[in-house]
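Visitor: Taken from TrEMBL, the feature domain '4Fe-4S ferredoxin-type' applies to 60-90, 109-138. Look at TrEMBL and you will find Cys70, Cys73, Cys76, Cys128 tagged as [4Fe-4S] cluster 1 binding site. According to TrEMBL, the [4Fe-4S] cluster 2 binding site annotation covers Cys80, Cys118, Cys121, Cys124.
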Amino acid sequence: MADDRSYQPLRPQPKGIKELFAPVAGFGVTFSSMFKPIVTEQYPKEKVPTQRRYHGRHQLNRYADGLEKCIGCELCAWACPADAIYVEGASNADLPDGGHMSPGERYGRVYQINYLRCIFCALCIEACPTRALTMTNEYELAGHTREGMIWEKEDLLAPLREGMLPAPHPMVEGTEDDQYYRGEITGPTQMQKDWVAEHTEPKEDAS
């Protein structure tokens, strides 16, 4: 049965002069904000720098001689809660003439990140045992197609810095993979440079 009692507002209603200016008081927040500094970011014309630990696009890193840090262990794929990472490992022993893509026995032959699924939680970064996978400050990841949002290994690999050699090539002579992990390799040796020069096909003259 409906309650026949009339509605009684809990808040007392303004009377007299207060009732006259009540509608104007509602614009108090609007008027006060008009005189505050403008905080609108003029993106994309002006880009505000991100924080140092911002979770942006992923990057597959290299060692100082150019070998890839990824060993194809797939721990990042297992750690991903969104199932956004796909990894296929392969053996360095299958590469010709003692070449290596990464130190040790295995390397990541296929590496994909689906940015339609990625939630940028960085759990994959914590799972990586060799610090092969890190996150950059890049956040412009829009694409025109769904296929274009699946980044391949070539898209994620860090560019070769000065002095680095493109993989595959042998490890530094007389070293083990744990020496790479500890950061004892500071750059390529002459033996590695000679191997790469010998196994690099000469470029055809376009003319």
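A Cβ is built for glycine as well, from the same backbone N, Cα and C atoms used for every other residue.
Keep in mind it's a predicted model, so treat the numbers as computed, not measured.
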Visitor: Enumerate the residues of the same chain, Cys80, Cys118, Cys121, Cys124 excluded, that satisfy the criterion Cβ within 8 A of the mean position of the Cβ atoms of the recorded [4Fe-4S] cluster 2 site; list them in sequence order.
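Guide: Sorted by sequence, the hits are Cys76, Ala79, Pro81, Ala82, Ala84, Ile85, Ile119, Phe120, Ala122, Leu123.
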Visitor: Far apart in sequence but close in space: which same-chain residues, 6 or more away, have a Cβ under 8 Å from Cys121 ([4Fe-4S] cluster 2 binding site)?
Guide: His55, Pro81, Ala82
Visitor: With every protein chain in view, what's the tally of Cβ atoms within 10 Å of the Cβ of Cys76 ([4Fe-4S] cluster 1 binding site), excluding that atom itself?
Guide: 24
Visitor: On a simple 10 Å Cβ count over all chains shown, which one of the binding-site residues Cys70, Cys73, Cys118, Cys128 is most densely packed?
Guide: Cys70
Visitor: Which chain neighbours of the [4Fe-4S] cluster 1 site, leaving out Cys70, Cys73, Cys76, Cys128, have a Cβ atom within 8 Å of the mean position of the site's Cβ atoms?
Guide: Ile71, Gly72, Glu74, Leu75, Val87, Gly108, Cys124, Ala127, Pro129, Thr130, Ala132, Leu133
Visitor: What is the number of other Cβ atoms found within 10 Å of the Cβ of Cys124 ([4Fe-4S] cluster 2 binding site)?
Guide: 24
Visitor: Based on Cα coordinates, which of the following binding-site residues are within 10 Å of Cys124 ([4Fe-4S] cluster 2 binding site): Cys70, Cys73, Cys76?
Guide: Cys76
Visitor: Report, in whole Å, the straight Cα-to-Cα distance of Cys118 ([4Fe-4S] cluster 2 binding site) from Cys76 ([4Fe-4S] cluster 1 binding site).
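Guide: Given the Cα positions, Cys76 ([4Fe-4S] cluster 1 binding site) is 12 Å from Cys118 ([4Fe-4S] cluster 2 binding site).
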Visitor: Please report the distance from the Cα of Cys70 ([4Fe-4S] cluster 1 binding site) to the Cα of Cys80 ([4Fe-4S] cluster 2 binding site), rounded to the nearest angstrom.
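Guide: Cys70 ([4Fe-4S] cluster 1 binding site) and Cys80 ([4Fe-4S] cluster 2 binding site) have their Cα atoms 16 Å apart.
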Visitor: To see if you understand the setup: which same-chain residues, six or more apart in sequence, place their Cβ under 8 Å from that of Cys80 ([4Fe-4S] cluster 2 binding site)?
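Guide: Within the chain, Cys80 ([4Fe-4S] cluster 2 binding site) has Cβ neighbours under 8 Å at Cys118, Leu123, Cys124.
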Visitor: For a three-state summary based on DSSP, what are the helix, strand and coil counts in the domain '4Fe-4S ferredoxin-type' (60-90)?
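Guide: Counting residues by DSSP class gives 5 helix, 9 strand, 17 coil.
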